[in-house]
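Encoded as structure tokens, the structure appears first; notes follow it.
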Amino acid sequence: MPPDDLTDEADRVLRICTACMYCDGLCAVFPAIAGKHDFTPNDLDYLANLCHNCRGCWYACQYAPPHPFAVNLPNALAELRQRSYADYAWPRWLGAGFAANAGVVTAIVGGVTTLTLLATALLVPAEVLFAAHRGAGAFYQVVPWPIMAGAAAAALLWAVISIGVSAISYWRSIAPRASLGATLRALVPALRDIVTLRNLGGGGPGCNDASEKFSQQRRWCHHIMVAGFLASVASTLIAALYHHALAIEAPYPLTSLPVLSGGIGGVAMLIGIGGLLRLERRADRAPSAAAEVRLNLVFLVLLALVAASGLAVLALRDTPAMGLTLSLHLGLVIGSFVVLPVSKAVHGVYRSMALLRAAIDRAVPRPRRGGEE
Amino acid sequence: MTGASPMPTIDVLVVGGGSAALCAAIAARRHGATVRLVEQAPVHLRGGNSRHARNFRLLHDEAHWYVPDSYGEDAFLRDLHRVTAGATDEVLARLLIRGSADIAPWLQANGVALQDPRSGVMPHSKRTAFFLGGGKAMINALYATAASIGVEIGYDSEVVALQLDDAHCGEVVIARGGIAGPIVAKAVVLACGGHQADRAWLRESFGDIADGLVIRGTPYVTGRVLRMLLDAGAKPVGDPAQAHIVAVDARGPEVDGGIVTRITAIPYGIVVDRNAKRFHDEGEDARKTHYARWGARIAQCPGQIAYLIMDAAGRARALPTALPPIEADSVAALAAKLELDPQALSATVAGFNDAVRESGTEALVPPKSHGAAALTTPPFAAYPMRPGLTFTHFGVAVDPQMRVLTTDGHLENIFAGGMIMAANVLGRGYLAGLGVTLSAVFGRLAGEEAARHAAR
Ligand SMILES: Cc1cc2nc3c(=O)[nH]c(=O)nc-3n(C[C@H](O)[C@H](O)[C@H](O)COP(=O)(O)OP(=O)(O)OC[C@H]3O[C@@H](n4cnc5c(N)ncnc54)[C@H](O)[C@@H]3O)c2cc1C
Ligand code: HEM
Ligand code: SF4
Ligand code: SF4
């Protein structure tokens with residue numbers, strides 16, 4: 001990538017930061033730039049995704065505007081991060097989907113969902129569709145299992161391949177020169193940083209979610225949302241296990257594992273998402289990138305729709321509305337899988353890899369510097 | 001009470017907006033006083049030079065999570081005697097050192113986050129503790145705490161007059177957005193820093209050199225209040241022509257460049273003046289604090305400018321700088337970029353290279369006594385350097401209650417804390433981390449004494 005306004009600005013700001021280093025206790029970005037004289041495009045891709053946008057260094061910066069240095073590291077890195085999403089997208093043309101994300105996601109998810117609803121309405125006889133289904137196999141009377149599973153699997157496969165190829169090329173760009181042993185030894189510390197979101201903690205007191213005040217709200221909301229998400233995924237997997245291995249057919253009783261974990265998961269997701277949306281609304285926009293905020297909002301709304309429609313299936317499963325609700329939920333899930341490679345979802349992959357690189361580098365003693373006076 | 005007063009009356013007025021002022025305001029408020037703090041800077045540039053600080057020096061007999069080992073009272077005092085060469089008030093120095101022992105817990109109790117020395121990449125130090133996120137983060141935390149306990153805070157508020165009758169301060173006039181209004185306070189804490197950003201005053205002390213000085217810190221420390229105090233008979237301490245001056249990047253801002261424009265790589269190259277001539281032994285002092293000796297030397301150069309010249313090997317050893325060095329493939333080309341005489345610089349470098357022997361120089365005047373290495377590997381790199389003024393060793397004399405002294409006594413209800421009275425203990429020299437310690441300890445003390453005075 002040739003240098004341009006975004007890389008020039010990141011380079012300018014990062015140089016000031018390496019000379020300053022006052023923020024070195026806030027997150028992994030500062031130890032990663034310590035002692036560096038120059039930043040290659042690959043360095044910038046690494047740092048952009050290592051930053052968790054906790055905004056700590058924005059409020060702590062002695063050179064924030066109106067100072068003539070006008071340092072805004074979170075913004076510079078967020079702009080680059082957004083562009084890295086497009087740059088590493090595979091197939092290449094997919095990158096354009098990040099620019100008008102709301103439109104692309106709405107069109108695709110909307111299209112898939114409409115198609116699913118239409119197909120259900122047209123193909124399933126009304127007396128089956130609007131009957132109050134009870135008992136084993138009721139779900140599959142509306143949408144046959146092979147179609148349901150097949151469509152979802154195909155969409156998921158696409159997402160996994162697309163994001164997987166992107167991830168490989170991203171890792172190739174940022175991978176440090178390290179032995180396999182060193183990489184493996186870094187896995188556990190990296191995983192700890194990924195799971196705990198340590199870098200959303202501002203080095204201890206918390207991050208500046210909405211203002212100068214420290215809080216851990218963003219981190220906790222994310223944890224709750226991800227936990228809910230994982231519980232929902234688990235619910236689907238357990239259901240598949242019941243269906244195939246144990247030959248127990250859905251719908252399952254309220255107290256069964258799939259229903260419990262799906263129900264709790266869906267509610268947790270909505271709680272986490274609600275909290276994150278509230279923080280997005282209150283946050284100071286200066287240290288973020290407009291494109292990133294849009295990407296966040298689109299994905300939050302999408303996740304909320306999926307979670308809410310899943311809960312609706314649970315709530316309405318004994319009523320004549322079950323058929324259409326189920327079809328709506330399926331449509332949203334499949335649509336989400338399709339847009340996953342052009343959504344916020346990629347952040348988890350790139351950030352995890354950046355954290356792995358940071359953990360590998362951490363094993364090598366860092367240069368200490370004279371930052372005091 | 002005789003009718004409604006047209007002016008607001010409060011217990012303690014704190015003038016300033018850096019660490020000294022905030023510690024004074026919080027301490028006074030916690031002693032039960034009603035407190036107003038007036039800061040001349042706008043909110044986004046609040047915090048004086050404290051905004052640019054990183055660490056503070058503290059007495060501790062045992063390791064804490066935020067500082068390893070120990071640093072005892074005698075060791076602290078010895079260090080202070082060494083750098084000041086005795087220009088310190090023994091009683092106040094002991095007060096400072098003992099006060100530094102509980103400043104870390106006190107700051108933390110007031111919301112300031114310290115950094116775990118095992119995290120990050122900061123230098124190992126048993127004498128100082130580091131603020132997590134630096135001085136601005138410390139300032140933010142103290143402002144938040146001050147506001148939350150009821151300190152009234154005014155930004156863009158400059159004290160423009162102190163009305164003194166005998167030794168008593170009546171009205172204090174504060175200008176805000178072009179409108180001046182008086183405040184009456186039972187006690188006043190002056191914590192508004194030194195006078196290092198007042199070029200006219202610097203010119204009085206330094207002559208023409210003053211125009212070539214870069215002011216490293218905030219432009220809002222103008223010394224206006226210090227001048228008023230002196231005019232009203234306060235007793236000065238120190239010498240306004242003694243200052244902490246360091247080598248800074250000449251391309252940085254004229255004022256407020258802070259820590260990042262410091263040039264710390266002098267031992268890795270040679271330094272020439274604008275005639276492309278060397279003028280001092282670059283290897284004389286390879287300690288971390290060498291840059292603080294070069295400021296005064298550069299100030300004596302014609303045009304107050306000098307150039308650090310390195311080759312690629314020297315640059316690789318240097319710490320990264322905010323602005324990349326000026327680079328060229330030959331010494332002559334570098335000289336052209338620096339607007340120096342190419343022949344003169346080439347001759348200086350060649351003469352230096354010829355004189356280099358194992359780690360020193362032979363028959364070279366001035367010599368480079370340590371770490372001399374020929375400048376041969378392109379690209380060659382240079383930093384233009386100017387003298388950067390951190391603070392002057394000048395202020396008002398105080399007693400151990402932080403009352404401002406006059407030639408024959410003390411002002412009744414005016415207290416001073418921080419850089420404005422630092423010269424009492426720091427008549428000369430500097431110790432890393434002493435600026436903030438001084439402001440926090442004496443600021444806090446001044447606030448407490450002011451609150452006590454107001455309660456009388
Ligand atoms: C670049 C740099 C780095 C430094 N690094 C360190 C370090 O790492 N550790 C350390 O201990 N020290 C350091 N120091 C020194 C340290 O910053 C100061 O010694 C200390 O912060 C002084 O605190 P103070 O509150 O007395 O003054 P300041 O922080 O300078 O505050 C003075 C305040 O008074 C206000 N003011 C001035 N005049 C008026 C007026 N008329 N009316 C109203 N308000 C007024 C100003 O706006 C300002 O807010 C550094 C200094 C600089 C310049
Ligand atoms: C794999 C590990 C993951 C890491 C390291 C990670 C990290 C982060 C971080 C640091 C942020 C805040 C900064 C930003 O807005 O970009 C964030 C935001 C977000 N994450 Fe994750 N995440 C991970 C997984 C997930 C998963 C599994 C989901 C979906 C369930 C998810 C959904 C979101 C959403 C929607 C936001 C935006 C929230 C907002 O608006 O602030 N993340 N993530
Ligand atoms: S204070 Fe500003 S310049 Fe310094 S490290 Fe933090 S963000 Fe960078
Ligand atoms: S915003 Fe937070 S995570 Fe990003 S560089 Fe700044 S301190 Fe680090």
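From the backbone N, Cα and C atoms, a Cβ is placed for every residue, glycine too.
These figures come from a predicted structure and were not determined experimentally.
The annotation transmembrane segment is assigned in TrEMBL to A:93-123 (among others).
Summarising the annotation, TrEMBL assigns transmembrane segment to A:143-171 (among others). Remote same-chain partners of the transmembrane segment (A:143-171), defined as residues 6 or more beyond its termini with a Cβ less than 8 Å from a stretch Cβ, comprise 45, 49, 84, 88-91, 94, 120, 124, 240, 243, 326-327, 330, 333-335, 337-338, 340-341, 345-346, 349-350, 353.
Per TrEMBL, transmembrane segment is recorded for A:224-245 (among others). Proximity of distant same-chain residues to the transmembrane segment (A:224-245), defined by a Cβ-Cβ separation under 8 Å and at least 6 residues beyond the stretch ends, is recorded for 145, 149, 252, 257-262, 264-273, 275-276, 303, 307, 310.
Taken from TrEMBL, the feature transmembrane segment applies to A:257-277 (among others).
The annotation transmembrane segment is assigned in TrEMBL to A:297-316 (among others).
The annotation transmembrane segment is assigned in TrEMBL to A:322-343 (among others).
When the stretches A:257-277, A:297-316, A:322-343 are ranked by Cβ pairs under 8 Å to the transmembrane segment (A:93-123), first place goes to A:322-343.
Same-chain residues lying 6+ beyond the ends of the transmembrane segment (A:297-316) with a Cβ under 8 Å from its Cβ atoms: 101-102, 105, 109, 225, 228-229, 232, 259, 262-263, 265-267, 269-270, 273-274, 276-277, 280, 322, 325-326, 328-329, 332-333, 336, 339, 343-345.
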